[in-house]
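According to Swiss-Prot:
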- 536-550: compositional bias 'Basic and acidic residues' (COMPBIAS)
- SER645: phosphoserine (MOD_RES)
- SER659: phosphoserine (MOD_RES)
- SER757: phosphoserine (MOD_RES)
- SER924: phosphoserine (MOD_RES)
- SER1283: phosphoserine (MOD_RES)
- 534-561: region 'Disordered' (REGION)
- 623-662: region 'Disordered' (REGION)
- 1269-1294: region 'Disordered' (REGION)
- 1262-1269: motif 'Nuclear localization signal' (MOTIF)
- 34-50: topological domain 'Extracellular' (TOPO_DOM)
- 177-194: topological domain 'Extracellular' (TOPO_DOM)
- 259-287: topological domain 'Extracellular' (TOPO_DOM)
- 419-440: topological domain 'Extracellular' (TOPO_DOM)
- 13-33: transmembrane segment (TRANSMEM)
- 51-71: transmembrane segment (TRANSMEM)
- 106-126: transmembrane segment (TRANSMEM)
- 128-148: transmembrane segment (TRANSMEM)
- 156-176: transmembrane segment (TRANSMEM)
- 195-215: transmembrane segment (TRANSMEM)
- 238-258: transmembrane segment (TRANSMEM)
- 288-308: transmembrane segment (TRANSMEM)
- 335-355: transmembrane segment (TRANSMEM)
- 356-376: transmembrane segment (TRANSMEM)
- 398-418: transmembrane segment (TRANSMEM)
- 441-461: transmembrane segment (TRANSMEM)
Amino acid sequence: MEAEIVNVRPQLGFIQRMVPALLPVLLVSVGYIDPGKWVANIEGGARFGYDLVAITLLFNFAAILCQYVAARISVVTGKHLAQICNEEYDKWTCMFLGIQAEFSAILLDLTMVVGVAHALNLLFGVELSTGVFLAAMDAFLFPVFASFLENGMANTVSIYSAGLVLLLYVSGVLLSQSEIPLSMNGVLTRLNGESAFALMGLLGASIVPHNFYIHSYFAGESTSSSDVDKSSLCQDHLFAIFGVFSGLSLVNYVLMNAAANVFHSTGLVVLTFHDALSLMEQVFMSPLIPVVFLMLLFFSSQITALAWAFGGEVVLHDFLKIEIPAWLHRATIRILAVAPALYCVWTSGADGIYQLLIFTQVLVAMMLPCSVIPLFRIASSRQIMGVHKIPQVGEFLALTTFLGFLGLNVVFVVEMVFGSSDWAGGLRWNTVMGTSIQYTTLLVSSCASLCLILWLAATPLKSASNRAEAQIWNMDAQNALSYPSVQEEEIERTETRRNEDESIVRLESRVKDQLDTTSVTSSVYDLPENILMTDQEIRSSPPEERELDVKYSTSQVSSLKEDSDVKEQSVLQSTVVNEVSDKDLIVETKMAKIEPMSPVEKIVSMENNSKFIEKDVEGVSWETEEATKAAPTSNFTVGSDGPPSFRSLSGEGGSGTGSLSRLQGLGRAARRHLSAILDEFWGHLYDFHGQLVAEARAKKLDQLFGTDQKSASSMKADSFGKDISSGYCMSPTAKGMDSQMTSSLYDSLKQQRTPGSIDSLYGLQRGSSPSPLVNRMQMLGAYGNTTNNNNAYELSERRYSSLRAPSSSEGWEHQQPATVHGYQMKSYVDNLAKERLEALQSRGEIPTSRSMALGTLSYTQQLALALKQKSQNGLTPGPAPGFENFAGSRSISRQSERSYYGVPSSGNTDTVGAAVANEKKYSSMPDISGLSMSARNMHLPNNKSGYWDPSSGGGGYGASYGRLSNESSLYSNLGSRVGVPSTYDDISQSRGGYRDAYSLPQSATTGTGSLWSRQPFEQFGVAERNGAVGEELRNRSNPINIDNNASSNVDAEAKLLQSFRHCILKLIKLEGSEWLFGQSDGVDEELIDRVAAREKFIYEAEAREINQVGHMGEPLISSVPNCGDGCVWRADLIVSFGVWCIHRVLDLSLMESRPELWGKYTYVLNRLQGVIDPAFSKLRTPMTPCFCLQIPASHQRASPTSANGMLPPAAKPAKGKCTTAVTLLDLIKDVEMAISCRKGRTGTAAGDVAFPKGKENLASVLKRYKRRLSNKPVGMNQDGPGSRKNVTAYGSLG
């Protein structure tokens, strides 16, 4: 892309600016010095006196308007009028316009020939016919002589000659008058048939159609090299045109006034051209009038011929598609003009010549309505003129002028055909010329003119029609992409349900086969020295994976559909249920959509894409081998050079001022998809004016970005009781998160485990379970990068789990549960409960009659009651001997997922009955509290029966059915402690049975702080508001019972963040997305880059696992994570994302050269106006990356080897500076300067229409940004807790 060099020159003076605008007007104005114009004004004054003076003045203003519009078109577009008409109209329309322009030039030349012949007759007494021949000969002399001159010299000669002639003509008339009579006895009060002929003559004498094309041509030539802005150039042209045509108008007024005084006042009638010349002698008051008359006509004739020789070329080329020499063109026009003049002289003499001159002016006036239609349409077209199109006042004047021309022509034609006026009868029964040629010619010309008027009025410009069609097509395409039909969704849903069972059966069989044939080996689990590295991010996928990612990204617009009809997944929520009345029960039959994303994202089905799966599996194998060889410290930042097709040969990193493909790393399709993704996400929050949409306001999202942000953040530090009332349950250890992130903690956790120890509470080997849910849950936690399942637990961190534990030498598989969404969950849970009950009954542990007496209770409730019965009967064994208990405080989490491996003793079971009595209040997640134990126990090593049995080698453990009986005592007092030692610690130390069964080495530096933070089932907005042990035992089908005022903000924030995760996932699938998330040019931008790096790590891990065990139908997107008080996953993250979006879109706009993408960026920037206020209007403290954004060093991929043997480009360090309003203002100025230099190819639709329109739209939104940002003096607090200037937990780690 070529960049234009703009030279700044000193401001030009008035004369220097006016000369380029004055030269075209001089060449055009000479065409008005001809006998035809004089005769028309003399005839009007002689017949109607002063009545037509005002009308003549209006005609002069119309001429100024038309000539100014013609010049404005050329100045603004850089193209002349004929060229634009050729682009905007079809072939036949252009041909008619070209014939009309040539006919106008012939009529003008005819009057010149007749005038020169009369002048020769007066001076030398030659015959008129001889004078016509002599006048015709000069047409061959001057153009031939001019052809030997250079074009520049010929233009100079003609321009100076035109100026001299015009000056002598106007000054001679005005200075010869002792006083200019200004008396007007009256004005025309009605438009009658008698005055129609004279008015048509005056109109033709005031405006010449083909002068539009000449003026447009020379205006573009004279101002093409000017550095003055277009608005100033247009004003200069208007001033020059007004001055010159005002002088011509004064001359016409003098002639009309003299004719009124001489002829109209005395009752005489002008019959011949000699009578008109006698009046000219009185006007000039000099006996030298014949000589001056001859000189004026001769020079004006030559100048007009030379001007048309240059300007008429464009008419021949663009309209008629004819290529002939200029001299031949001029000779043809002169021959066609001489023929009717000779005929008139031979048949009618001097009287016929006078009538012929008036007749020519009437014919010219009949062509005016056809000529001004394309002129005014082009000038008022925004697609062509852009911001420089004529204003509404100009459009009104143009429309009024056209209607005036058309009305006068209609009145003339009607009077000529049906009228009884003198001139109409004289035309019909003309005896002067002996025939009715004049009448026939006028009638045919009028009919042709009216037909062409109708044709042009019904034919729109191509640019306008193409743009309308493009807008309709784009709207239909966007609707088709954004809103899939109900039929498609139903078909997809039906196929998913039909194939669900088959997929599960295949999955179980494959997993079973793999587990049977896979040998379990030990793996080293080592934590990185620095968990959060500033310059370490995930590298791009290997070629095989990139091929699969491209498959995703190219089809994501059509394949990432929203399953909004499948039970409208809501964020899991559980609240403290005290005694509530029926009026507090709120039945939510359908959750209103806040964002287009649902927890289940539908990605293109890969069942038929076996080749992509095979390639991806091969890529995983290759990656495993490569990872063993690569150094773990050689990491690659996200800010790479993009895909190979966009990398330069220089190998320089960063973002310079090179080409767009080199800088951005995004192809055209990727940039288009990027703008579509951002517009989709922000479209559910803001409209095109930056205002919250009604749906978002109804969900109280304005409170998240407004004054309620502080309350939302402060709410996290309140006590447990206050958090319960607000619908948010605070982790007890969140306050101590910074202390937990010290190096001593990681030093203690980094140690190797002994062979006899167990990796972590989630380190269970995957067993063969008959339940499909267990296999499905196995997929959620496994993010290994191996292909043989023997190193699957080499990951140092589970998805959104902040536990750091030593590695396992026993290679146990992960069994971490995850939040599972979907309509099939209820059936899965019921099947599990049913199988569990049947197993208990078959073993004789529960009487069958007792189980059957439960009536209509669900299997889940029956299982819970059965567990309660076993606990009350004393079946729960005591603690297992030989295991040291770990007495650390834990976060408040869901009761069903707490430390079920801690083998408790029998205790109080009163809360179990209360739990069964209560009912489950939400429908998005079934109750699996009674199944967690069994589901996990079934997968212990060497477990044959699915339970912990001493005889099966399970470590001497018995069934742990009584854990629910004592959980109320364990967690009853946890609500009042935030960041302090737990009461549970004392209980655990005094009662060994309450300790976890699996011990972890505890560092002395950790104190009583917990190594645990929220797990995926404890994520923010999912299950944060637990308060009762029996909450999870309530029926899933019962209605929700929550406090809307307390939980609406939390729910809205959770859904918004979940939608944000979907958006990030779509962005990282774009080819070349490494550039997007690799700039790190601000604190907000760096935070979003880290979020994207974490999401990409998780996505790639899921993709590898799914490719190993087979496609499961739909990838599961877990809920929003939360690691404690300092977690970044809150509403402030959306504000940071907005700042990131503004910065990235402006960066793209800085180097963008496609008007199509300018428009898409404009849409996104319009919506992002809503982010300006929350981001820059208040003092904001930047957030610090937390545990949730960490990527284990063992999974930091090695940087690929450079092709030329050189080291890869260094990672761009984070600047640690905040993006302020001043920063964006500077960037906006650069964008404005950049787009102002963009130009399309002249003569194309892109260069003439798309570029001006795109510049206008983008400049408009940038002006709004400048206005709003200039009023935002307050920015982010760079010295706050999240600043680089302060040493925080993140700063010490990164």
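FYI, residue positions are counted from 1 along the chain as it appears here.
Here the Cβ of each residue, glycine as well, is placed from N, Cα and C on the backbone.
Tertiary neighbourhood of the motif 'Nuclear localization signal' (1262-1269): same-chain residues 1165, 1169, 1172, 1176, 1221, 1224-1225, 1228, 1231-1232, selected by CB-CB distance under 8 Å and a gap of 6+ residues from either end. For the motif 'Nuclear localization signal' (1262-1269), the DSSP-based tally of helix, strand and coil residues reads 8 helix, 0 strand, 0 coil. The stretches the transmembrane segment (51-71) and the transmembrane segment (195-215) are in mutual contact, each linked to the other by at least three Cβ pairs under 8 Å (pairs 6 or more apart in sequence). Helix, strand and coil counts under DSSP for the topological domain 'Extracellular' (34-50) come to 14 helix, 0 strand, 3 coil.
Proximity of the transmembrane segment (356-376) to the transmembrane segment (398-418) is established through 3 or more Cβ-Cβ distances under 8 Å for residue pairs spaced 6 or more apart. Taking pairs at least six residues apart, the transmembrane segment (13-33) and the transmembrane segment (288-308) share three or more Cβ pairs below 8 Å and count as touching. Of the two recorded stretches, the transmembrane segment (398-418) lies close to the transmembrane segment (195-215), with three or more CB pairs under 8 Å once pairs fewer than 6 apart in sequence are set aside.
For the motif 'Nuclear localization signal' (1262-1269), the model's pLDDT averages out at 84. Highest Cβ contact count with the transmembrane segment (106-126) among the listed stretches 195-215, 335-355, 441-461 falls to 335-355 (criterion: pairs under 8 Å).
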